[in-house]
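According to TrEMBL, the features are:
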type	residues	note
SIGNAL	B:1-19	signal peptide
TRANSMEM	B:33-62	transmembrane segment
TRANSMEM	B:74-92	transmembrane segment
TRANSMEM	B:104-124	transmembrane segment
TRANSMEM	B:131-149	transmembrane segment
TRANSMEM	B:193-213	transmembrane segment
TRANSMEM	B:245-264	transmembrane segment
TRANSMEM	B:285-302	transmembrane segment
Amino acid sequence: MNSQASVSNGHAPSVVNTSDAALSSMVSPEQNRYANILLVCSWAGIGIMAVTFILYMAGLFNPMVAPSQMPQYWGLSVHEYAKLTNAPSGWSWLTMVSHADYMNLVGLAFLGLVSVIGYITLFFNYSMKKDIPYAIMVGLEIIIILSAASGVFHVAG
Amino acid sequence: MIGQFFAHTSSIFASTSLAVANAASTPGMPWWVWPLALMVTTFFIGIVSALAGIGGSTLFVPIISSFFPFNFDFIRGTGLFVALACSLSAGPKLLKANMASLRLVIPLALLASSSSIAGAYLGLALPQNILKILLGVLITGIALVFVVSKNSEIPKIGRPDSLARYLNIGGAYYESSSGQDINWTVWRLPQGLLLFCVIGVIAGMFGIGAGWANVPVLNLLLGAPLKIAVGTSMSLLAITDTSAAWIYLNQGAVLAIITIPSVLGIMLGSRVGVRLLNITKPKSIRYIVILMLLFAGLKSLLDGLGWG
């Protein structure tokens with residue numbers, strides 16, 4: 001087995017990352033499971049996005065702002081756009097999900113939650129293995145992403 | 001033949017950009033031209049990005065903001081989803097091949113994703129001309145980083161720091177060129193964590209995935225082998241960009257008509273790009289990317305200064 005060689009840096013004693021028998025190119029079970037979750041969920045998200053976008057472009061499901069009207073708005077800042085189109089902020093778009101333009105956000109929001117789904121499984125894996133530092137870091141990451149998703153961080157318009 | 005392919009691809013890309021620029025100044029252009037042009041443009045960006053090994057949004061944000069009539073807020077929001085989709089598309093394969101390390105991803109992503117929220121907040125609060133000037137400087141800087149940086153396949157490192165040892169960061173991967181397993185670990189993790197805070201702010205602020213910065217920090221500072229650095233960076237983006245993407249989505253800065261064709265175009269393009277990897281010369285790709293970044297960076301700078 002080859003090693004990543006190391007050199008003396010003049011300060012610390014040099015160390016060679018030796019061919020540690022414990023290390024192998026086998027993927028850890030939790031990393032494998034996490035990768036599978038990302039793979040399946042990301043394709044599901046892409047599929048949802050493609051379908052809802054076709055519906056929107058076809059003018060189905062009564063969009064709040066029809067695609068043909070978008071050139072009037074897409075040059076505006078997000079604050080101006082929200083004011084003129086009464087666009088919702090935060091999760092209020094869920095109440096308008098029957099309209100094709102907001103239906104499109106389902107796939108995008110799902111993509112934004114894929115990592116959290118993967119991290120929840122990691123949290124349980126690391127907790128069961130009593131790998132406390134990693135369980136804590138994964139737990140904190142879940143809280144951070146969910147806080148960002150919840151809309152508690154608000155930008156004044 | 002390869003030279004012809006590049007000349008052809010570059011000329012198609014240049015023609016598309018020119019056509020889009022002309023269309024932008026033509027009133028009465030049918031609305032459907034824009035999502036279609038966006039999908040074609042992002043398809044080419046996807047090819048070039050995959051060949052160059054950089055995140056698609058590093059090229060997406062400056063190029064789309066230079067040639068399309070969309071507000072910069074929506075372009076940045078879309079840029080984060082583009083980076084997220086690319087990462088989700090490539091990450092699983094890299095993780096399953098052990099070319100990315102989850103034990104390295106988790107601590108770095110925690111800091112980068114927290115700081116990307118601050119970056120997104122800044123990006124949505126700052127005036128657009130200031131943002132464009134800063135983006136111009138940043139993108140020009142990235143082009144220069146591409147010119148001067150020399151990544152190391154398997155860096156030589158000193159004693160791993162106590163934090164890296166405590167977190168047991170390291171592993172092994174199969175190197176197909178030598179047919180052997182390569183053991184690796186990292187050092188200077190605390191310095192790396194600090195830099196990832198800065199990278200997170202930049203990613204959130206400008207809506208660009210931070211692969212251009214992740215890879216040099218992982219490879220040159222932390223001493224991860226280049227393949228691990230690239231794979232880990234790609235897997236990191238799925239988490240780093242998620243937090244910031246939510247800030248933009250919650251503010252309404254994500255328009256389906258811009259975001260979805262971009263995500264689909266870039267994903268298709270990057271799949272084609274990956275297939276072309278074996279027949280392309282990395283050096284010629286590098287030159288194309290440097291030129292595109294320099295052009296987009298200077299254009300953004302001039303736009304921000306009101307001279308565009």
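Easy rule for this one: first residue shown is 1, then count along the chain.
Heads up, the Cβ atoms here are built off N, Cα and C, so glycines get one too.
These figures come from a predicted structure and were not determined experimentally.
Here the transmembrane segment (B:131-149) sits apart from the transmembrane segment (B:245-264); fewer than 3 CB pairs are under 8 Å, leaving out pairs fewer than 6 apart in sequence. Sequence-distant contacts of the transmembrane segment (B:245-264), counting only residues of its own chain at least 6 positions beyond either end whose CB sits under 8 Å from a CB of the stretch, comprise 34-36, 38-39, 42, 60, 64, 70, 73-78, 80-82, 84-85, 117, 120-121, 124, 204, 207.
Within the chain carrying the transmembrane segment (B:74-92), a Cβ under 8 angstroms from the stretch's Cβ atoms is held by residues 42, 46, 49, 55-57, 60-61, 64-65, 68, 100, 120, 123, 203-204, 206-209, 211, 234-238, 241-242, 244-245, 248-249, 251, 253-255, 258-259, 262-263, 266-267, 270-271, all 6 or more beyond its ends. Tertiary proximity for the transmembrane segment (B:193-213) is limited to same-chain residues at least six positions away from its ends with a CB under 8 Å from its CB atoms, namely 53-58, 60-61, 75-80, 82-84, 86-87, 107-108, 111-123, 126, 131, 134-135, 138, 142, 145-146, 221, 233-234, 237, 240-241, 243-244, 247-248.
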